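Colleague: Below is the structure I would like to discuss, written out as C-alpha cells.
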C-alpha cells in the first residue's frame, strides 16, 4: 500500500550554488527565537539533528566526531585544564567531552540563546548525557563577548563552538582580531583557545584561512586541523592557539602518555592515528594559509 | 540575525519528471499506518495540509474549493438526499459539506484507515468543524468495497473521496467497473455517484478519461467537471453519475431555485457561475473523453 | 545498467515558499542577456520550454493553450482586426495565432530583448512556425512603452504578452495606469487591449485583481478570464479591455458565427465551450475583484 | 532586471535519504549510451562535471585531488612502473597522472563505453590535457574483465577507476574476489593494484570495508586511504594492494627520495604531508575494517 518513500526534506544551502538535502520523518522543534531559527529534525540518514538558521549544527550519527575533534586535541595539550569556558555549544556535547578530562573543576558555557539551550536540554539527551546537571557546569545565557570583557576570571581553555562567522549579525564579532585579544587576556599562562573554523574544502577556504591568519596576529602558536563531518557534507576546520609560545599540540609518545594518564584511551573517534590524520594538512590547505587569508577585524568582517 | 528563510520542504512527486514543493514550519504528525504513510504538515503557503503517501490531500487555504466542488454539484442534483455514504474522506470536510443539505438524515463514512481518521479528528478541526460529532454521522473503519458488498442499505448519494486510483494496492479496486456495479446496486432510484477523478491537465488525462469511460458502462448519465486546486498545482477532475437516465446536473433556473431552497446561497466557492466554469469542459478534455479512456476492470487496473 | 532516472531539474520558485520542478534532459540555451537570464530546456514532462529569469514562459505541450487563450477571445470580439501590436511575445506563437485571423494586415511585435527573439527564432520553430517570416510581420527590439509614446500609428488590437508585472525593473512600467492610458490612445475606436495577468489561484490574486482594477480606470469595458497552464502549475489570468463601451467579448450565436466566418473552427484549444469555461469566473475571483485590487501607477507599482 | 539566481540543478542521490545538489548553467552533453546515462554539466560551484548515471565522477575544481590521490601513492610505491592498465577512467585524467612517472612505457585504458570516452575527449580537455594522444597510450573500448581473462600481458600497475561497485549491472563483476584473482595473475612480481573504493564516511562504510576485506583474501599486503572530494561531498576511499608481501606504500625518507627522483615535487595535491593525512585512518574506519566488511564474490555481490 505504501511505497516507503520519504517526501519531506531539510535542504541546507551550503553555498548559493550548492545544497545538501536529507529526508526527515519528524520535526519535534521548529521555532524562531529572538536570535535565530531553530529546528530539531529526525532525519532518516543522520538521526536527530540540530538546525540553526538552516544549517546542521550536529547530528546523532556523527556528533561524536565533531565534538571529540573540537575538544580533545586542544585540551590534551594543556597540562592540567581546570577552568574551561565554552562559547556557544548549546547541545551540551562539548561540555560532555570536556568533563572527561579529570582535572576539570569548572566549566562555564555562555550561549546567547536560552531557547536553544532549553530545547537542547529537552530534546537532545543523547548529546549532553546529563552534562548540564554536572555540579561543575554553569550555563549562562549572555553575550559571550560582553561576558569576557567584564569578567575577571581566567580560563585554561576557551572553546568557540559557533558556526557561521561570516554572515551579518553579532556572531561575526566572535571571530575578529579584537575578540581574540579579549580572549587572550582571559586565558591563563598555558591557556589554549580552540576555534571551530568552517569549511576546509579546497574551493571554500576563505573563512578557515582568515581565522588562521587572524589568530596568528594574536597568539604565538597556532595549529589548524580538519576532519570530515558527514552530516555537514564537508571537511571541517578547527584551529587551536596557545598563549605560551613553547606549547603546541602533542604528538607521538607525549600524546600516547597523556591519553593514558587521563583515561582517554577509549574515545569513539579521537586517538593517535586519528590525530595524525587531522593534523596532517592537505597541500591546498597549507597553500591557502600562506596566501589567501585576510585579517578579520570588528570593522572588517568576512564577507563573500 | 536570522534571515527568515525556510529550509524544510515537502516535495511531492506529481509525476516521475515533475515535483511540487512547499516550505514547511512544522510537522505535527508523521506516521506509518498499516495502510499508508500519513503526515500533517504546517506549510507557509497553504497552511496545514494532510499528506497521504506523499500526496497533498487537502490544504487549509483551499480545501473549501475541493470539498465544495466534490459534494455540491452532485447533491444539489438529487431532489432530496437523505442517506449518504462517503468512501474515504478522512478529513471530515466532505461530511461537513454534506450536512449543509437540509434533507440529510444519515451519513456513513467508510475509511479503511482508523489512524488517519483519528489524527484528522485531532489535528484538522478546521476541516471537520465538529462534523464527526453530528448525531447523523457514523464512521466505520472498514474496507469500503466489502462493506458495500455486504450491506443491504441503499444510499441516495455515494461519494468516492480517495486519491490515487492508479497505483497498486487495494485502492484501485474502488475504481473498477465491477466496483461501480456494486455501487450502482446500492444506490436508490434517483441515486447519484460522485467520484474524485484525478488530474484534468491536458498531458495527464488517462485516469480521468478512464474513470469517465468506465462509469459510462454502468450509469446511463455521466457528467465530468473540473476545478483548479492550488495546493495540488493541478486542474482536478470529478465525475458525477446518475442511476436515473432522466436526471443530470442542474443548471440555470433549476440550479438557482434549488440553491435558494436549501439555503446554500452563501457557500465559499460553489455558486451558479462557478458551476458553469466547472462544467464547461476544455476542448482537450472533451477530445480525450472521446478517444483516450480505457475500461478499468478488477483484472485490468490502470497503469502508466 | 542504467536506471533511467533523471537527475537534472529546473526548479521554479512560484513563491518564496513554493516551487515547481521539472526534470530536464537538455539545455540548448543558457545565457544572460542585457535584460534577463534566458534558458531553453528540454524537459521530460512538458517538452521544450522557454525560461526567462527562472520562470517557464511556455512549453511545447501546452503553449497552444496559453497562446490561443491569450489571442482569440479578444481578437474575435473585434469586427475586423487589421493592425495588431504585440508587446513581448518573443516565442512568436502569439503572432502565429494572430495571423490566423483573415483580416490581419500588419503585426508589429515589440520585444526589448533581441537575444531572446533571436534564440526563439532558432530554437522554437514549433512555436513560431515561420510566423516571423510572414510579410505582414515586423519585429522591433525596443522599449515598448517608448515606442507607443512616440508612434502615431493606431492599432486595432494590442496584446501585452509579458510575465511578471510585479517585480522591479522596467517591466512593471508596462502594467501601470499611465501605460494603459498611453495604450488607450494608440487603439482605434473599436480597439481591444489584451493583457496577460498572472496567477488566478485563490491565494495569489493581488496581481490579477490589481491589473483588473487599474484597467477599469482607463477602459469602459473590462473582462477577466482564466485557464489552467500545466507547465506553470497555475490557473492563469487574462484581461481583455474595450475602448468602445458598447463592445465586449462575444458569446453564444455571435461567437459561433464569428468563428465560422473566420475559419477558426478547428483550433486546438479555443471553441465555444472552452470560452464559457474561461469566462465563467470562480467565486473567489469575483470577490477578489470587488475588494482586493490596488491601483497600479508608475510611482506605486505592485510589490508583495 | 535579472536577479542572478540560478534555477537549474543537478541533484545527486547520495543515498535514498540524502541528496547533493549543484546549480548548473549549461549541459553540453546529455545522452543515454548503451551502458549508462552520461551528462556533462557546467556547474557554478565546481565548474564542468562528468556525470554518469546521475553521479558526479569528477569536477573541474577538484578532479586533481581525486586523480592524484588515485594514482600516485600506488605508483610511487612501485620501483619502476612501466606497463600500466586503467580500468574505466574515461576522463583521461588518470592516464594524465600516470604519464608523469618517467618509467612509464605503455598505458592501456580499457573502458567499456566508447561514447563516454569520445565525449570526454571532446568536452574535457582540461582533464586529459592531450593524454589520449600520447604515443604510449592505447584506449580499448571493451569489457575489462574479459580483456584481462584473455590477455597474456602483465602489468606493473592496474588501476580500477570505476564508481559504484554495489549496484546491479556488469560493474559489480569488477569488484569481486574472482576478479581480483584474475587481476593478480596479470600483475608482475612487484605489481600494484589500486582500487577506487567508495565512501569513507562513518555511516556508509560497507563498500569500502568489503573491498578491503575481499582484497585481503587475494593480496598479501593491502592498504586503505582516503581523501575528501568536495564535488562528491564525501570522504572518499581508495585501496592499494601489493603482489609482493615485502612491499607497501612508502613513507618518510623513502617517499621523499622517490618523489624527488621522479620529478614529482610540484604536484597540485600529493606530497608527503598530504600522504600522511590520507593514510592515517580515522578510528571508525579501522574499526569497520575489523568487523564490517563482507567478502564480495561473483555470486555474492554487495547489496544494500
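Glycine is no exception: its Cβ is also placed from the backbone N, Cα and C atoms.
Annotation comment: TrEMBL describes A:161 as active site, proton acceptor. The S-methyl-5'-thioadenosine binding site annotation in TrEMBL covers A:36, A:111, A:143, A:144, A:170. If you look up TrEMBL, you'll see A:67, A:91 marked as spermidine binding site. Positions annotated as domain 'PABS' by TrEMBL: A:7-243.
Walk me through where these features lie, including what they touch and how far apart they are.
Modeller: All chains included, 24 other C-beta atoms sit within 10 angstroms of the C-beta of residue A:161 (active site, proton acceptor).
A C-beta separation below 8 Å, combined with a sequence spacing of at least six in one chain, links residue A:111 (S-methyl-5'-thioadenosine binding site) to A:87, A:88, A:89, A:90, A:117, A:139, A:140, A:141, A:144. Mapped onto three states, the DSSP output places residue A:111 (S-methyl-5'-thioadenosine binding site) in coil.
A C-beta separation below 8 Å, combined with a sequence spacing of at least six in one chain, links residue A:67 (spermidine binding site) to A:58, A:93, A:94, A:96, A:97.
Averaged over the domain 'PABS' (A:7-243), the predicted model has a pLDDT of 95.
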Colleague: Counting other Cβ atoms within 10 Å of each residue's Cβ, which of the binding-site residues A:91, A:143 comes out lowest?
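Modeller: A:143, out of the binding-site residues A:91, A:143, has the fewest neighbouring Cβ atoms within 10 Å.
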Colleague: Give the helix, strand or coil assignment DSSP yields for residue A:161 (active site, proton acceptor).
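Modeller: The three-state answer is strand.
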Colleague: Do the recorded positions A:36, A:91, A:161 include any whose Cβ comes within less than 8 Å of a Cβ in chain B, and which?
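Modeller: Of A:36, A:91, A:161, the entries that lie near chain B are A:36.
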Colleague: Between A:36, A:144, which of the binding-site residues has its C-beta surrounded by the fewest other C-beta atoms within 10 Å?
Modeller: A:36
Colleague: On a C-alpha basis, identify the one among A:36, A:91, A:143 that is nearest to residue A:161 (active site, proton acceptor); the candidates are the binding-site residues.
Modeller: A:91
